[in-house]
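Annotated features, as they stand in Swiss-Prot:
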BINDING   3-7, Gln30, Arg54, 81-84, 219-222, Thr247  carbamoyl phosphate binding site
BINDING   Asn114, Asp178, Ser182, Met183  L-ornithine binding site
SITE      Glu94  site 'Important for structural integrity'
Amino acid sequence: KTSTRTRCAFEVAARDQGAGVTYLEPSASQIGHKESIKDTARVLGRMYDGIEYRGFAQETVEELAKYAGVPVFNGLTNEFHPTQMLADALTMREHSGKPLNQTAFAYIGDARYNMANSLLVLGAKLGMDVRIGAPKTLWPSENIVARARAVAEETGGKILLTENTKEAVKGADFIHTDVWVSMGEPKEVWQERIDLLKDYRVTPELMAVSGNSKVKFMHCLPAFHNRETKVGEWIYETFGLNGVEVTEEVFESPASIVFDQA
């Protein structure tokens, strides 16, 4: 998959440590096209000391890790976004004012994909109070939830899945969301998602429901919060929404810590 923040973060970090970096563009690589993942892994593992992979299938990054013989970092798959979790955990620790195992956060929106899955597992591992607010059809898979609950039993974490946004955000220290349509999905799914999620936007009113004057807003970016992008303008012209998963008022408010997070 294409990347802005994840690629830049890896490249800057590597160069800060004196490492060289090679970027293989999705359209310019033969990975999975003319050459299998297994063969690619064994070639790159002989040339490089580490590999960061950002793509679609979780199985692909796991196969790379199995055969490369060097550390492989998951820069994002459809299922998980672990390096973003490092940034999210650090950001919450910086802004919480209390230990993470005494911190509550809510994720609002489409919870089937990498961000909600990863936040669920992250929160469970850190013993946090995790709430997912989403239509039941857009909840994480039963397998992911079961894994998170098993971890939470050991760490003292709490996990709540609910269709009620007010229940999800009540008492929360942080409110997360993400885009409603992911990379690679066709435009045709927008209408369906908007119909399902129109009551799951992060608005000033929803932030206030937390009852926490210090509640913070988080988003891994990019966000559709206004009409200042081609997609944002298309959404406005097609569906009449100025801002989708989050309003401009919340995104640009003092409660927003998205750029610290990014």
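Every residue, even glycine, has its Cβ placed from backbone N, Cα and C.
Model, not experiment: these values are computed from the prediction.
Same-chain neighbours of the L-ornithine site beyond Asn114, Asp178, Ser182, Met183, judged by a C-beta within 8 angstroms of the site's C-beta center, are, in sequence order, Leu76, Asn78, His81, Tyr113, Met115, Val179. Around the Cβ of Arg5 (carbamoyl phosphate binding site), 15 further Cβ atoms fall within 10 Å across all displayed protein chains.
Between the binding-site residues Gln84, Asn114, Ser182, Gln84 has the most other Cβ atoms inside 10 Å of its own Cβ, all protein chains included. Most Cβ neighbours within 10 Å among the recorded positions Glu94, Asp178: this distinction goes to Asp178. Within 10 Å of the Cβ of Arg54 (carbamoyl phosphate binding site) there are 19 other Cβ atoms, across all protein chains. Cα distances from Pro82 (carbamoyl phosphate binding site) to the recorded positions Glu94, Asn114, Asp178, Ser182, Met183 are smallest for Asn114. Across the binding-site residues listed here (Met183, Cys220), the residue whose Cβ sits among the most other Cβ atoms within 10 Å is Cys220. A separation of roughly 14 Å, to the nearest angstrom, links the Cα atoms of Pro222 (carbamoyl phosphate binding site) and Asn114 (L-ornithine binding site).
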